[in-house]
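Comments concern the structure below.
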Amino acid sequence: MVAQAPHDDHQDDEKLAAARQKEIEDWLPITSSRNAKWWYSAFHNVTAMVGAGVLGLPYAMSQLGWGPGIAVLVLSWVITLYTLWQMVEMHEMVPGKRFDRYHELGQHAFGEKLGLYIVVPQQLIVEIGVCIVYMVTGGKSLKKFHELVCDDCKPIKLTYFIMIFASVHFVLSHLPNFNSISGVSLAAAVMSLSYSTIAWASSASKGVQEDVQYGYKAKTTAGTVFNFFSGLGDVAFAYAGHNVVLEIQATIPSTPEKPSKGPMWRGVIVAYIVVALCYFPVALVGYYIFGNGVEDNILMSLKKPAWLIATANIFVVIHVIGSYQIYAMPVFDMMETLLVKKLNFRPTTTLRFFVRNFYVAATMFVGMTFPFFGGLLAFFGGFAFAPTTYFLPCVIWLAIYKPKKYSLSWWANWVCIVFGLFLMVLSPIGGLRTIVIQAKGYKFYS
């Protein structure tokens, strides 16, 4: 019996380690709740994908022109739907295991360390970048609402509106996981469809403007080319929900007989139909009505009736509240995983309270300091949006499944990779030029 003791101790240690691991997984935001319905994934995906950037699509069309504009809109929709399908398929490709996080899939494809180095920095650039942009967008939309509703009120700085917007997140960020924010996400998804409908329906009711022109606005060839690159980025990065798709799928229950990919794919299809209903009418109707004179936010071109534009701005605020939460959740998960697994903090509500408040405060501070952050993201985001959305899923697919050379799957993946690389190189050039031109007007804490 004495000889058996070390073996028993070893088994006990393993059991303790497994129990601790399960306790941590049951606490972390991505894996703590796995009882989501398929329609949860639909509105989470709509909220993640339809950004306030949809209101800038007519302006992007004016930089691209009819032919290239429609081509990029449709190509981006098709390619990103294909890469999203790949990620949904790969979530449970290893029997008995789920890749609940983007970097776990990367680690399976490229190795433990390399997978982390490839995926995590890009995912963080997108998620933290989007959260900061939404801080500014929420603040700007609140400011616009205030100006429209109370036109003789004393002007209030954008900084204060960003603080007001952030105050909501100091409360909502303490909802523990994706399923607990499903109500917020549903409201956000409905709002995105609502303000998109207001944008294109109001434009259509105005009728085509007199002296409307559809040619390129820039006077020089260089200006036209740079604007084209910028418009390319604006359209392509309107589809950026891939950064949170595995994390959303992780909330859906799964068994060998009924894997999660069925309900998840149903949700994705519904989400993509809603995305098409938001993007295509806004982009095409907005450009058709206003031509190349359209503002970079179509609501600015509409101006009247003031009550309707004010309503649309409040809808934008509600939508970006939901979007912020969707993009913040994987970051909360990474921070909490690091503290609990690597630094051995105990998984407690107090820890979560400090971590999440710190994150909201940090994104609020950056948004207040750099209210022109959206211009910066067009540049930096190009290096992260294109890979995570357009070609990283294809590279992972090729690495794992190794389809036969020159087969349909092989060609489809390589077309997506080339298109994604093309975006990654060209769109930041347009973004950089925008920064250079607008830098004179950049003011900190405006």
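Keep in mind that glycine also has a Cβ here, set from the backbone N, Cα and C atoms.
As given in Swiss-Prot:
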type	residues	note
TOPO_DOM	1-37	topological domain 'Cytoplasmic'
TRANSMEM	38-58	transmembrane segment
TOPO_DOM	59-63	topological domain 'Extracellular'
TRANSMEM	64-84	transmembrane segment
TOPO_DOM	85-115	topological domain 'Cytoplasmic'
TRANSMEM	116-136	transmembrane segment
TOPO_DOM	137-157	topological domain 'Extracellular'
TRANSMEM	158-178	transmembrane segment
TRANSMEM	181-201	transmembrane segment
TOPO_DOM	202-227	topological domain 'Extracellular'
TRANSMEM	228-248	transmembrane segment
TOPO_DOM	249-268	topological domain 'Cytoplasmic'
TRANSMEM	269-289	transmembrane segment
TOPO_DOM	290-305	topological domain 'Extracellular'
TRANSMEM	306-326	transmembrane segment
TOPO_DOM	327-352	topological domain 'Cytoplasmic'
TRANSMEM	353-375	transmembrane segment
TRANSMEM	379-401	transmembrane segment
TOPO_DOM	402-409	topological domain 'Cytoplasmic'
TRANSMEM	410-430	transmembrane segment
TOPO_DOM	431-446	topological domain 'Extracellular'
Selected stretch (most C-beta pairs under 8 A with the transmembrane segment (158-178)) from 64-84, 116-136, 269-289, 353-375, 379-401: 353-375
Cβ contacts under 8 Å made by the transmembrane segment (228-248) with residues that lie 6+ beyond its boundaries: 30, 40-41, 44-45, 48-49, 51, 53-54, 56-57, 59-64, 68-69, 72-73, 76-77, 80, 83-84, 87-88, 91, 99-102, 104-105, 123, 126-127, 130, 178, 264, 268, 271, 275, 279, 283, 326-327, 329-330, 333, 378, 381-382, 385-386, 388-390, 393, 423, 426-431, 433-434
Dominant neighbour of the transmembrane segment (269-289) in 64-84, 116-136, 181-201, 306-326, by Cβ pairs under 8 Å: 181-201
In contact by Cβ distance (the transmembrane segment (410-430), the transmembrane segment (38-58); 3 or more pairs under 8 Å): no
Winner by Cβ pairs under 8 Å against the transmembrane segment (116-136), considering only 181-201, 306-326, 379-401, 410-430: 379-401
The topological domain 'Cytoplasmic' (327-352): DSSP-derived helix, strand, coil residue counts: 20 helix, 0 strand, 6 coil
Residues in the topological domain 'Extracellular' (290-305) grouped by DSSP into helix, strand and remaining coil: 9 helix, 0 strand, 7 coil
Long-range environment of the topological domain 'Extracellular' (290-305) - Cβ separation under 8 angstroms, sequence gap at least 6: 55-59, 61-62, 144, 199, 202-203, 206, 209, 212-217, 282, 312-313
